[in-house]
C-alpha cells in the first residue's frame, strides 16, 4: 500500500524509552503523574481566569491562552508516550504527520504568546498611563490571533516539507513522538532542502521573538533603574518574574534540544532533552503563575468560598 507521498511506509513505530527496560514502571508512573498534574494545573488556571472578573485583564488573557496551549501541547504528546510503555507503539503515517503539525503549531504559538506577554509587560511598566489605551481588548485579540496564525503557518511549512519526503526503509522512530529530526534521519529521500527550510523557519521564529523579548526587557530594566522606591522595584520584579522564569525554561530547554551536534548520539540526547519543553514546562507554567501571583491566590480563595457556599 502506498501513501500520498509515494512512500512504502504506512505506519511508524515510536520507540519512546523502551530501551530503558529496568525503568519502565517508574518512567510510566512519572509521565502519567506529569500528565495528570499538567492537565489539572492548566485546566484549573483556565477556569480561575474565566470565573474571576478581576483576572479579566490583558496579562491574564495571555496567561489563559498560554495555559490552553500547554494543555493541548501535552495532550498531543503524552498519550502516545504512555502507550509505548504498555504495548508496541505504532502510529499511522497520517497520524504521525498530524502529531507533527499540532506539535509545531503549539510550540510556535507559545513562542509568539510569550513574545506578546513581554510587550504587555513593557507597556505596563514603562507606559503605565497608556496601558489601558494601548492594550485594549481588540489589540490583545489581534496579538493572539497573530500568534496562532503564525504558529499555523510555521506548522504547515514543517509538515508540508515532511509530507514530500519518502520513507521506504526503516519505520522505527527513535523518539516518543513524530519530531522533525528523527523523521529526517529516517527518510530515504535527500533531506538537504528540507533541513534548510526547517532551519530557516525555526531560526526566524527564535530570532524574531527573542529580539522583541530582549528589547522589551532592556527597556523595562532601563525604566526600573530610574525607579527610586524599593516598592516600585519590588512591584516591577514581581510583575515580570513569572514571565522571565517561563521564558528561561521554555527557550533554554528548546534551544538545548535543537542545537545540532555532530555526534552519533545526538538524536538520543535530543530525545531526553525534549522531555523538558514537551512535558516539564507545560506542567510548571501553571505552578509558576499561581504560586508567585497574589491575584491568582486571591482567585483561588474566592472560588473555594463560592464552592463551599
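Every residue number used here counts from 1 along the chain in the order it is shown.
Cβ coordinates are placed from backbone N, Cα and C, and glycine is handled just like the others.
What TrEMBL records for 41-289 is domain 'G-protein coupled receptors family 1 profile'. The transmembrane segment annotation in TrEMBL covers 27-51, 58-77, 97-117, 129-157, 200-220, 232-252, 272-291.
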Averaged across the domain 'G-protein coupled receptors family 1 profile' (41-289), what pLDDT does the model get? Just tell me the whole number, please. 86
Long-range environment of the transmembrane segment (272-291) - Cβ separation under 8 angstroms, sequence gap at least 6: 31, 34-35, 37-38, 41-42, 44-45, 63, 66-67, 70-71, 73-74, 77-78, 81, 103, 107, 175, 177, 179, 242, 245-246, 249-250, 253-254, 256-257, 297, 300
Please work out whether the transmembrane segment (129-157) lies in contact with the transmembrane segment (27-51), by counting C-beta pairs under 8 angstroms that are 6 or more apart in sequence and asking whether there are at least 3. no
For the transmembrane segment (58-77), give me same-chain residues lying six or more residues beyond its boundaries with a C-beta closer than 8 angstroms to one of its C-beta atoms, as numbers and ranges. 35, 38-39, 42-43, 45-46, 49-50, 99, 102-103, 106-107, 109-110, 113-114, 116-117, 120-121, 124, 135, 140, 143-144, 147, 176-177, 246, 278-279, 281-283, 285-286, 289, 295
For the transmembrane segment (27-51), sequence-distant contacts whose Cβ falls under 8 Å of one of its Cβ atoms, 6 or more beyond its ends: 17, 20, 60-61, 63-64, 67-68, 70-71, 74-75, 78-79, 81-82, 85-86, 279-280, 282-283, 285-287, 289-290, 296, 299-300, 303
